[in-house]
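What follows is a single structure, written as structure tokens, with notes after it.
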Amino acid sequence: MAKEFDVCVIGSGPGGYVAAIRASQLGFNTAIIEKRHLGGVCLNIGCIPTKALLRSAEVYESIEDAADYGITVNDYEADFEGIIGRSRNVANKMSKGVQFLMKANKIEVFEGKGVFESKEQIKVVNEDDETQEQITADHFIIATGARARELPNIKIDGEMVIDYEKAMQLEEQPEKMVVIGAGAIGVEFAYFYNTIGTEVTLVELEDSLVPVEDKDIGKELGKIYKKKGIDVRTGSTVEQVEENGDGVKVTIKTGDEEEVVEADVVLSAVGVTGNVEGIGLDEIGVEYSKGTITIDKENYRTSVENIYAIGDVAGGPWLAHKASHEGIFCVEKLAGEDPLPINYNNIPGCTYCEPQIASVGYTEEQAKEEGYDIKVGKFPFSASGKATGLGHEEGFVKVVFDEKYGEWLGCHMIGSHVTELIAEAVVARDLETTGHEIISAVHPHPTMSEAVMEAVAEAYGEGVHLGN
Ligand SMILES: Cc1cc2nc3c(=O)[nH]c(=O)nc-3n(C[C@H](O)[C@H](O)[C@H](O)COP(=O)(O)OP(=O)(O)OC[C@H]3O[C@@H](n4cnc5c(N)ncnc54)[C@H](O)[C@@H]3O)c2cc1C
């Protein structure tokens, strides 16, 4: 007999598990179905393990630069197995944390794949497609996430061409790697592998790295990556990957020129596509298009009334915090509450290579396209006492304001640990804070955060530290 619940969530990533906890807090009898590991991509094979790898690279870089700080280190090397092992331990710890939270919130966890049998009932099947359980619920929330997208001419075979999941768990450190795609995932892996000694070629179709970011950010990262020894190929495509003994031959096209680069492995990092297949969506009439479930953003309801979709499977931006916020909003609406709608123009995006990148709102180009007359301010970390003391003078904070009403349209940063600074702009923009309120809010000295205030002061022609 089917088990009955008020809310059943399919998928336990940061969208699904957070939605389930909020549902339980609001009094719903809640179930969650997970076919792989609690915590989803983010905790197990995404955000968290990559940040652990990047931390190892940062430590390695600090040791490499130790002499600059007056410290002699004679002997060091990257223990690749140890680095991967630490990252896996961090991921496993976080996944266990979700297990604890499910228990603490009295959420029943079903291990297996959820497949809809009707609009009111879902079955949980094991790897052999055998039904383990049947669940009925008043409301279903689909949070099945996304997986690596594949280029039509470059198949991910797990050997010559790998995806992010394999790239974070390789058994041996490659000597040479080609990374296709310079979005967040591509540039993070390029930094990680380059730092610990792999020769990295980074290929990007657009004319700058991190193409969704403000153009100045992409240019700055390109300069820094070249200095770090990464072979950066923008305006380029990978045409072909062929077997070459134990490695690969990669044909890279830039303009009309083709060049063959030899490597051990290719990482394909060209975005993600939603997991819409094999869950019975067609059978029950849940509409989707190009790997994204169609939803209304007032409720996150799909084309079927009692079925909702959140997180990566409901479209971009493909970010953990966006997935969690959608989960909370969706469930609060179900409970009859009146949560504030999510402002999709105020979702920060962060990239954790070194230097890090963080941004929110309109880029300079987008603000102009939207028809705003703008004021732009920029403050380089080379003029920051804290950044200089840290030995991280590269990068800057750039802010974009509306000339007419003073709205803070966008904030873009590249520099050491700037991902910790972006929340100021998010909160300020949420509260419709003016530039002068930021300038007059006393920021602590010496901190990297002063650069935000200084950049705003520059936008208003009131900066004191650049000698303009
Ligand atoms: C390498 C990498 C690094 C990233 N770094 C960051 C970062 O630093 N910051 C950030 O914000 N985002 C990052 N992301 C993106 C982030 O991981 C995703 O946006 C986030 O995980 C989406 O959450 P979700 O709940 O929608 O889905 P997921 O986390 O994808 O979870 C979906 C879950 O559903 C399960 N599932 C699928 N189908 C079924 C089914 N039929 N039945 C049962 N279970 C099912 C899957 O097994 C999975 O566990 C990164 C992604 C990658 C790949």
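Here the Cβ of each residue, glycine as well, is placed from N, Cα and C on the backbone.
Noted in TrEMBL for the protein shown:
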type     : residues                                                   : note
ACT_SITE : H445                                                       : active site, proton acceptor
BINDING  : K51, G114, D312                                            : FAD binding site
BINDING  : G181, A182, G183, A184, I185, G186, V187, E188, E204, G271 : NAD(+) binding site
DISULFID : C42-C47                                                    : disulfide bond
DOMAIN   : 5-327                                                      : domain 'FAD/NAD(P)-binding'
DOMAIN   : 347-455                                                    : domain 'Pyridine nucleotide-disulphide oxidoreductase dimerisation'
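Contact annotation for recorded positions (C42, G114, G181) versus ligand 1: C42, G114, each with CB under 6 Å from a ligand atom. Same-chain residues that are not part of G181, A182, G183, A184, I185, G186, V187, E188, E204, G271 yet have a Cβ within 8 Å of the Cβ center of the NAD(+) site turn out to be V179, F189, A190, V210, A269, V270. Distances between the Cα of D312 (FAD binding site) and those of the recorded positions C42, G183, I185, V187, H445 are shortest for C42. For the domain 'Pyridine nucleotide-disulphide oxidoreductase dimerisation' (347-455), residue counts in helix, strand and coil come to 39 helix, 31 strand, 39 coil, using DSSP. The binding-site residues examined here are G114, G181, G183; by Cβ neighbour count within 10 Å, the least packed of them is G183.
The recorded positions examined here are K51, H445; by Cβ neighbour count within 10 Å, the least packed of them is H445. Using a 10 Å radius centred on the Cβ of V187 (NAD(+) binding site) and all shown protein chains, the other Cβ atoms total 27. A simple Cβ count within 10 Å picks out one of the binding-site residues E204, D312 as the most packed, and that one is D312. Checked against V187 (NAD(+) binding site) by C-alpha proximity, the recorded positions C42, C47, H445 yield C47 as the nearest. The shortest Cα-Cα distance from the residue listed as 'active site, proton acceptor' to any of the binding-site residues (G114, G183, E204) is found for G183. Rounded to a whole number, the C-alpha distance linking C42 (disulfide bond) with K51 (FAD binding site) is 11 angstrom. Comparing C-alpha positions, K51 (FAD binding site) sits nearest to I185 among the binding-site residues G181, G183, I185, E204. Annotation note: C47 (disulfide bond) sits in a helical segment as assigned by DSSP. Separation of the C-alpha atoms of E204 (NAD(+) binding site) and C47 (disulfide bond): 22 Å, rounded to the nearest whole number. Note: the Cα of G114 (FAD binding site) and the Cα of I185 (NAD(+) binding site) are spaced 28 Å from each other. Comparing Cα positions, C47 (disulfide bond) lies closest to I185 out of the binding-site residues G181, G183, I185.
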